[in-house]
Structure formats: C-alpha cells, structure tokens
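The next block holds one structure in the form of structure tokens; read it before the comments.
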Amino acid sequence: MQPRLGGPALLLLPPLLLLLLLGAGGGDCGARAEVLFRCPPCTPESLAACKPPPGAAAGPAGDARVPCELVREPGCGCCSVCARLEGERCGVYTPRCGQGLRCYPNPGSELPLRALVHGEGTCEKHGDAEYSASPEQVADNGEEHSEGGQVENHVDGNVNLMGGGGGAGRKPLKFRMKELAVFREKVTEQHRQMGKGGKHHLGLEEPKKLRPPPARTPCQQELDQVLERISTMRLPDERGPLEHLYSLHIPNCDKHGLYNLKQCKMSLNGQRGECWCVNPNTGKLIQGAPTIRGDPECHLFYNEQQGARGVHTQRMQ
C-alpha cells in the first residue's frame, strides 16, 4: 500500500507542487527511473503562433536579435521568454532561471517552499545557496525544514514529483518517502506543542505565550484547499496524468496573502493559459475585464472599478 500525505502536514505539499510547476531539470539515469511526467510535444502550429519575447529587438531583415537567454515558458508552454539572471527574483509563476542557475528561497525564510510559491526566490548558482545542502547536512546543522527547500528551475520539461534536486546525489523513492514521513512527524509534533497554550514549553520556566496564528486570507485558504486536494491523492500510482494536475486552479497570492490582480492558468499543450482579473480582496472576477491568453491589463479595469465606487459613494452621502 502506498503512503498518503494528508492531515496537518501541509508543509510537505509545496515541494511536490513546486517541482510540478517549475519543471525540474535533467539528472542521471537513476533519477529518471523515479516518478516523472513529461510535457506533451509542441505542435508546429503552437510554435508558429509564438511571438518574439519582449527582450528581443527586430533586426534589419526582420530577424529577432535576442540579447537574453531564451527559455521555455513556465509550465508546459511552447513559446520562449527571457530567462531570469543571477540575483533576480524567481518562483512558480516567473520565467525560469538561466543556464547554471537554480531558484532558491532566501536562507532566512521560515517557510522556504511557500516563499517560492509567491515568487520570492532568487536565481543563484548551484552550490552557492545555503539550501543546496543535502537533507542529512541540513538535519545535522539543526535546520527545522529537512527537505532542504532546493528547487531546480531548468527547462527540459521533465517534472519530478518526488525530488528537490538533480544529479547523482538523488536518492531512491523509498528513501525520500522515509524522509517525508520523518518530516511529517516533526510537523505533527510542532502542531502538538503549539496546541498546549500556556503550558511550559521546552522546559523553560517562563515561556512566552504563543500568539494565535494570524487569520488566513481568502487567497491563502483557497491555496490550502488546493494543496489539501493534492495531498489526498495516492503516491505515486494515482497521481493522475499531467493534464489532470494542471486543471487545478492554483491561486496567485501576493506576499500579503491577497489575490494578485491577474490570475492565470498554467500553459498546457503548447498554449498559454488564459488570464483574467480579480478583486485582490475577494478573488471575484472584475466585471468588464477580458479573459485572454495574454496580459488583460488588470490594473486599468481595477482602477476604473474603484473610481466608479468612489463616485457612487459620493452620491450616497
């Protein structure tokens, strides 16, 4: 029987989700024996519909002179975009990092994998970041998050659901499941300790009272529901095809937990995902804003909506 990932251990879910969306890059033959999904091939029609990336300049003969490194769109898109450079922000919804770079969370982040969901990672060279250590090294250093938080951000379209790094250092699926089980126990114990309230914690005579966690915003609650839904899937045989996972709408929340004005579906089958505009507080569709495979310029419709509400308020006074 395959183990299940459910219950309070939602912190275990972002590694699986991020590696699905970012597309972990290549590894050795042993790594490819693990659970892999591949993006479907791009059709000639899809490639012909692609436009030059914003960083490309038109040459004298109409050819594009590209001053940036071109990488594939996030998800399973077929068009090219400019890769993120070393030191630039990166994450689930951003273009991939350039060759030789990976997307790492900031070393001081308490929830590194959630930070990558919000695009708060940084493109760095492999081995330069603190999170490039193996799970054992991180555990020996006393780090609380034993998964290490490392996420590859390469471009070959292979998606590894079970790993946070590539190359010969990868471990078999059996060992990773054991590591996930150990981490789940740590999270469960942490929740148990937090539920003790005013009791003495960790043997301290005068422990600080634990503050109740801040209320989850609607966007964060919706994201938690999506992660919970993924957690109830069996690993790995009932994970389902790639198209099924990409059919889930993953809300795009900002660092404050509000909805980003522009929400998009992930690219699939060589087509860009549709984008639409929502109210940052409620996530509801902004009336009159288009749903298109591109930039709907949500700020224009949101400002117009806010202006109309201001006029209505003045008339009521």
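Keep in mind that glycine also has a Cβ here, set from the backbone N, Cα and C atoms.
Annotation source Swiss-Prot lists disulfide bond at Cys39-Cys76, Cys42-Cys78, Cys50-Cys79, Cys68-Cys82, Cys90-Cys103, Cys97-Cys123, Cys219-Cys253, Cys264-Cys275, Cys277-Cys298. Annotated domain 'IGFBP N-terminal' per Swiss-Prot: 35-126, in sequence order. The domain 'Thyroglobulin type-1' annotation in Swiss-Prot covers 216-298 and rests on sequence analysis. Look at Swiss-Prot and you will find 125-151, 189-218 tagged as region 'Disordered'. What Swiss-Prot records for 1-33 is signal peptide.
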C-beta crowding around Cys90 (disulfide bond), within 10 angstroms: 27
Spatial neighbours of Cys264 (disulfide bond) that are distant in sequence (at least 6 apart) but have CB under 8 A: Tyr93, Asn252, Gly273, Glu274, Cys275, Trp276
Those disulfide-bonded residues listed as Cys68, Cys76, Cys78, Cys253, and which of them has the most Cβ atoms within 10 Å of its own Cβ: Cys76
Inter-residue Cα distance where the pair is Cys50 (disulfide bond) and Cys78 (disulfide bond), in Å: 8
Least surrounded among the disulfide-bonded residues, given as Cys103, Cys123, Cys219, Cys275, when other CB atoms within 10 Å are counted: Cys275
Cys76 (disulfide bond) as reference: those disulfide-bonded residues from Cys42, Cys50, Cys97, Cys123, Cys219 with C-alpha within 10 Å of it: Cys42
Those residues of the chain, 6+ apart, with a Cβ under 8 Å from that of Cys50 (disulfide bond): Cys78, Cys79, Ser80
